[in-house]
């Protein structure tokens, strides 16, 4: 209680120190004890603190190293994966190219075979046509020949007499004779 | 403590050995407000230490951290760890806040315990850790309050206030009270611990100037670190609590 009143009273008449200054009383300012305390604090605190900080530093270093290693491993794996990807892509390309060429070849083969069969069919058709033609021609020829033969038979029957008969036979004999000579 | 100073005019010599000043402040007038200048000065020093070391540490960042960078990354890791365990999955946006709290309080406490502030003499009062002053700790605690309200409201909207009747509406007064006790306990815990530390050290120094205060000073260092951690952890826990959902 007295402190409060004192402090206000002292505003007016406090006698000991009126302004800023230095207190040179070594016992009152207590520097000896303070320096002892500081010295002990530094002496013991330094060891503990430096241990602590060293540990922390080592931990950080280890963490960094670990993550570096992990990073290296990850990069390596990435490289590997990339190489595999490249290989697979190349294979895929090859497959694609192969497939295309296969298809082309198949197409060509197909076209070839188709055209071949087409040709065959054409040939067959032509053959058939020719055969039919031949047949028709033969028929026509046979008919014409028959008619000619009938005509000739008629003619022969109507106007054949002995003399003509003989002449024809002799002429034919002569003709056969010459044919025989030629063949011989 | 000031009872010792009552007979100051007559016993100036006694004052010189045993001048323990509590409640003495150097006042500045800033825009109609009376501010505690010694707290501002030490806060600036603390801020300068933090900013300077952070800037130096991140000036030339390496993939494999060297000493300073390594140390600051370790600190950051620690703070993120604290936030993650307290807040949960969505701890990301709150790391700066928790980290600021933790680092400021920690460096403040340790500066009070390690730097020879008393070499510099002020017209009134004396330089000490910024967290030695209730205004600083209340400010930090209120910031924490604002932060967890903001966290809850931005996460859940108005349904955030539904937590006041969880698990039963009977607990409504207690739940409302909690919002006041949280910053209160935060600020008083930090303030009380640091002030007590420094007072014990000062009283011991005034009684036996050498050697005897040293164990207490170590205890002070330990307590200071613990208090900073507790403050940051509790702030993170409050934020996490207001963000966790009962879907």
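Sequential numbering from 1, following the chain as shown.
Glycine too: its Cβ is placed from the backbone N, Cα and C atoms.
Between the listed ranges B:178-198, B:220-240, Swiss-Prot ties the annotation transmembrane segment to B:220-240. Your range for transmembrane segment, going by Swiss-Prot and the list B:134-154, B:155-175, is B:134-154. Range B:38-58 is the one annotated as transmembrane segment, of B:38-58, B:59-79 (source: Swiss-Prot).
When Cβ-Cβ distances under 8 Å to the transmembrane segment (B:134-154) are tallied for each of B:38-58, B:95-115, B:199-219, the top count falls to B:95-115.
The list of residues near the transmembrane segment (B:220-240) in space but at least 6 beyond its ends in sequence, with Cβ under 8 angstroms from a Cβ of it, reads 79, 82-83, 86-88, 91, 94, 97-99, 101-102, 105-106, 109-110, 112-114, 129, 131, 140, 144-145, 147-148, 151, 182, 186, 189-190, 193-194, 197-198, 200-201.
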